[in-house]
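Worksheet: one structure, shown below.
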Amino acid sequence: MGPLLMLKMGCASLAAYLYLKRYVRNQNTALIGAMLYAFSGYSIYNIFFNHFHEAIIFFPLLLAALDEYMAAKRRGLFALAVFACCFVNYYFFTGMVAFCLIYWFVRMFANSWKITLGEFFWLLFEAVVGVGLTAVLLLPTVLAVIQNPRIDNPPQGWGALLYGNEQRYVHILQCLFFPPDIPARPNFTPDSNAKWASLGAWLPLFSMSGVIAWLQTQKRDWLKRLLIILFFMAMVPILNSAFQLFNSSYYARWFYMLTLMMSLATVRSLESVQVDWKRSIKWTMGITAAIAIPIAFIPQEIRNDDGTTTTRFGLMQYPDRFWIYVAIAFASLLLLIIALRFFKRDRKMFYRVTMVSVSVITVIYAAYLIGLGKAQSYDTHNFIIPYSLNQGEDIDLPDSDVESRIDIYEGMDNQAMFWQMPTIQAFHSIVPGSIMEFYPSIGVTRDVGSRPETDVYGLRALTSTRWLFDYTGDTEEFEFSTKSSDTKMPGWSFYDTQNGFDIWENRYFIPYGFTYDQYMTREQYDNIAESSRHLALLKAIVLEDEAVERNKDILTQAPTDSFRYGEADYYQDCLNRKSDTCSTFTRDNYGFTATYTAGAQDELVFFSVPWEAGWSATVNGEEAIIEKVTVGFMAVRVPANTESTIRFNYTTPGLKAGALITVGFLLLFAAYLILMRKWDQKHPKLHRKAYRIK
């Protein structure tokens, strides 16, 4: 990961340099700005989200391509930049679109640019072509994402105008003047409810001094207007959400765009004779102190575990870390004062001292943040490397040819992915919509992760979960069994200790592909107490109305009012389902195959595989109807008195159509470049030369 991050940081600085160099006379100034952007608080904060850096890399190239079109009428670059940004990360691309619209209109109204109607049309054409070129990936992505109910969450009421957490305003302001907190432990504002929100925008060495200097000296400059607009948008929830398609979930993941504009203001300040650096640094120090002093010394009452209260000075969560952040912020400004001493008398030395200072400050605050993060996470050398990165090579379970899922009790997110084993635990926000529909129906919260508690133990049997892993290094509070040897779920017995985990076996494991004798309608299911539904699903399959009409000849309607949910009933239901299952079940890269032998009548075979539109099924080579059952899973009907081969194939919805659209736009783009090249050759006077934009 280290070498990859080095490459990403280097690419980010190069991309920023290509954008910034248009606005400065000395290329060393652009290099300073590139370093500030690449090593900003946003970049360092999001080392945790290492895939965010691709957006940081490509965004300056998008603006550079837009500038090039507006300045030199250079054809094709903007379309390629749009393609790259959209193809790399669709989520960040939505924010880039919002920013580019603001950027373009601000500069147009500031008379920074001029454009004819024809040039505007071709600019819009290139934007559409750039998006069209990504259809092979974008169309399947859109079809997947729209299934997620989290996207339908617009800001409403007062929540659209004001943040409900007043500390968040301080958090936003603090991230401009101080190095970022670690994502999981906001320190200055512990109750800002902004964990993982990517609140980081601090520029090493300069902090906000260059930005404040530019705001103080400019009156009608487009960059000043843009910065004011961006700062205002950060403070208004509905405007902040514009960078993520107006979703009310709070994130500041567009701040890399803000840091690029802040870096631009800083480097332009370095080349402006009007700038009073002494004044701007005083303002920066004053605001930094105004944030730090109240947080450091305002008293607050702390309620102890025994019910007593203690008065403590300071609002921060971790005082020692707080003072280190404050020290880095002020030390950075002091280093800037020293560097500026060379600004007029020895510009070459100034550049050298500034670049070294930015590097030193970056190493210090980045190493500290990463160190804090690692201290809060799992032990790398005693857990991650020996028990996770070993891909589970020390795990040896019986019946390896029998497919099943595993459960990780109170474990690390996506632990099973390291071992490449199917699991019911997953930290992933882009999942089939059927999963988002199913989990709430049994009382399990499903937002960014699947983490069902042990009270829904019937879910384990329903989803063919055979093994449970409990890390041996956990405290008693997080152990699967108690001192009296009782387990947190019924029906589990200890198997062995392997790979640093106690392994428990589900004695009532049900293999993939089983049948029911009874069905219940969705209305019946909804009338069952939510806490009992996970057990009811082992008694009868849930059918929608159309599926009832197709299968009521082989299933009887269950009397749900007489269902009993004791442990003995649970055990018997598991045994009933286990008595009639598929004889074989195998997975591959395209789907899965199962073999089932039916008795005297047709059977509806249930698979605990999430339903999606991309699935197709055949039974003995003939196309079969896939029933969406049990609020999000799949079942298929097989004929009586026959050993049936059931085959499910998955094709990504929209992939083929997206590929055709991409090919079409590729041909259109090629034709556009050829025609425009011929046009420019015939009309050379209309083809402007590049110039430095002010």
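Using N, Cα and C of the backbone, Cβ positions are placed for all residues, glycine too.
Look at TrEMBL and you will find 30-48, 78-106, 118-146, 196-215, 227-246, 252-271, 283-302, 322-343, 350-370, 657-675 tagged as transmembrane segment.
Spatially, the transmembrane segment (252-271) is not adjacent to the transmembrane segment (350-370); fewer than three Cβ-Cβ distances between them are under 8 Å for residues at least 6 apart in sequence. Sequence-distant neighbours of the transmembrane segment (227-246) (same chain, 6+ residues past either end, Cβ-Cβ under 8 Å): 91, 94-95, 98-99, 102, 106, 151, 154-155, 159-163, 169, 172, 211, 214-215, 252-255, 257-258, 261-262, 265.
Here the transmembrane segment (118-146) has Cβ contacts under 8 Å with residues 69-70, 73, 75-76, 78-83, 86-87, 90, 430, 432, 613, 652-655, 657-659, 661-662, 664-666, 668-669, 672, 676 of the same chain, all six or more residues outside its ends. Tertiary neighbourhood of the transmembrane segment (350-370): same-chain residues 26, 28-29, 31-32, 35-36, 39, 44-45, 47, 179-180, 182, 204-205, 324, 328, 331-332, 335-336, 338-340, 342-343, selected by CB-CB distance under 8 Å and a gap of 6+ residues from either end.
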